[in-house]
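Undergrad: Okay, so TrEMBL annotates it like this:
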TRANSMEM  B:6-25  transmembrane segment
TRANSMEM  B:32-56  transmembrane segment
TRANSMEM  B:62-81  transmembrane segment
TRANSMEM  B:107-127  transmembrane segment
TRANSMEM  B:147-169  transmembrane segment
TRANSMEM  B:181-198  transmembrane segment
TRANSMEM  B:204-223  transmembrane segment
Amino acid sequence: MDGHVSEASGTRDKPLEAEDRLRKKIKQPRERNYGATSNDVIVVNPAQPPPQDPPHRDRRPTQQEMEEDEEKEILKYGAKHVIKLFVPVTLCMMVVVMTVNSVSFYTVKDVYLIYTPFHETSKDTGVKIWNALANSMILMVVIIIMTVLLILLYKNRCYKIIHGWLIMSSFMLLFLFSYLYLEEVMRAYNIPMDYPTALFIMWNFGVVGMIAIHWQSPLRLQQAYLIFVSALMALVFVKYLPEYTTWVVLGVISIWDLVAVLSPRGPLRILVETAQERNEQIFPALIYSSTVLYSIVGMTTTGTETGNETRRLNENQDASADQAGFNQEWASTTRQRVQQRQIEVQANDQSHPTQYRTVTRPPSDNLTEAQRHQQQMEEEERGIKLGLGDFIFYSVLVGKASSYGDWNTTIACFVAILIGLCLTLLLLAVTRKALPALPISITFGLFFCVTTSVLVKPFTETLAAEQVFI
Amino acid sequence: MTVAEFFGCAFLAFGTPLAMFCFTISDSPIKIILLIFSSFLWLLALLISSFIWFIFIPLRDYLIFGVLVSVLIQEGFRYIVYKLLDKTSAGLEELAGNSLVTHNKPVLAYVSGLGFGIISGLFQSLNILADAGSGPGTVGLKSGSDFFFITSATFALCIVLLHTFWNVIFFNGIHHHNKINIIYVVLSHLIFSCITLLNSYQLYGLTLTLSIANVIITMLIAFKTVGGSVMKLKQCIACQ
């Protein structure tokens, strides 16, 4: 990639040192714009050209040309990639909605997260709202603290701790939560199964999952695992968050998303920029990618208390009444989940060095044959990425809406979220930088959820009762 | 029985639309996006009409008021869809990457019409279908007709098809400044909805016959407006 970029700077006549200097100058701003991104970010990999152009007079016109080309290209590939995101988002939502509708375990409220100490048991709506606000504030504070912790860890290069926690958390999701899911589904459909069979299935499922997520596997398999893991996480939220709290959390998290990604001092932005300064791949995060990037996709989370929590988790696993047990565990994944959303992969893996660099590629006459070939590969491979957190929260919204038993609300939320996603992608094509994917979609989703259940539902129910079709 | 009835009704209502989606829409990303976009606009139309129905409290018991308002608003949104597609045609073309879809007005009309239809059909029958599927129970045991679910599903199919045909006729009407087409669409929609008002008297035989007749007539007109003829149909079937 270095060779590539130095060609791009087009300073063949200059001495080598000057070229190096120039390269650095270009590289940094360029990388800021894409590759690594954060918090529920969708990224069309190629983004803006460097804001500070190197002081070379031949460069400017080509730059503009390329920019225009790029815009067209993004639009051209846009529709295809939008669908490539629609399909997994739809699948994830379907898993959640079907589970919520058929497995009553996920709609019964008995156990809560430790981060939501107020259980909304009061009859009074005012108290409930107050409880929900307090709960979501606590959750947000936890999320913010963990994010800051993550940044500190990263700044101090404590990679071992981070990676350890990543593997630990995905291990828990794939084995423990999947087992719980299996158990509840079996119970709901009244299917008997003996423990050896169950353990055999779980072992194989989990191990393949670990390999698929952290190492390598066919792309489809990996995507399937990522979708399933996010659906599981969403189900966890649907079950363990109190009623009103879920809605407030959805609202608050999309605001946090906005701040963390867009504000100049947003924690995720800082994180990403640090990674770029070091010119290294951010520890791989759990993101859904429509392209072949599996070798660098992993899972991330924060937390130094890994060992602590896991131990506590193990001790308390059976005592579901004991809040600290389950809740610690859920909470830890909460954090992990939040972090998953927050980090995007910087895709300058050794094997795909120029994956995200198509925007500022050099004019084609400077290209060698190999580079040209590489460019074509890049164009094939460019894709949009969506943080798994987005999957999770979209599914939470739809799942929660469907738990009230009205299919119209579910469909309305679904369509609204997809349209929100579309708009976000459109904005992405215009602004060309990492964007938070939650705010627009969640706002639309919440709006349609409320209006459908308040206004539309009585109307359609009256119509349906009389069998009038409009 | 309930499960069998559920699947029967579900495929009666949505089998044809599903086939239409699979064979004509699903191969092109831009069409899928258009479909979802138009369903979103139908949702908005429904939201507005529900809102109007909701705030006129004294008129709430007269269902015909809500029906008329809703039909007119839906037709208004059909016009908005046309305008939006017209305005953004350049952008759409870039997004699509090929002009085959975006330059072909009937295709655009068909796709957005199907979007209207599918969401409309889903909204008006999915809850009933879900009731049918979740059982247990026997329809018509205490009161009501045995044919409740099956007629409901048939009406859902009618509305999906009608929306598609209406959209084709309507877009054609605006494009060629043909007022008769537009008036036909609005009238046909009003008539269809008003006929279903009779459903509450359980005159299913009458309402179904009239509605299906409406569907067939509208289908023929739509076929005609996009330049279809018997000869072309024969050629198509004979794969010439």
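Cβ coordinates come from backbone N, Cα and C, glycine included.
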Undergrad: Count, for each of B:62-81, B:107-127, B:147-169, B:181-198, the Cβ pairs lying under 8 Å from the transmembrane segment (B:6-25), and report the range with the highest count.
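TA: If we count Cβ pairs closer than 8 Å to the transmembrane segment (B:6-25), B:147-169 scores highest.
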Undergrad: Taking pairs 6 or more apart in sequence, does the count of Cβ pairs under 8 Å between the transmembrane segment (B:204-223) and the transmembrane segment (B:147-169) hit 3 or more?
TA: yes
Undergrad: With a cut-off of 8 Å between Cβ atoms, can you find at least three pairs linking the transmembrane segment (B:107-127) to the transmembrane segment (B:181-198)? Only pairs 6 or more residues apart in sequence count.
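TA: Answer no: the transmembrane segment (B:107-127) and the transmembrane segment (B:181-198) share fewer than 3 Cβ pairs below 8 Å.
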Undergrad: Do any residues of this chain, six or more beyond the ends of the transmembrane segment (B:62-81), have a C-beta under 8 angstroms from a C-beta of it, and if so which?
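TA: The answer is 38, 41-42, 44-46, 48-50, 52-53, 56, 112, 116, 166-167, 170, 174, 185-186, 189-190, 193-194, 197.
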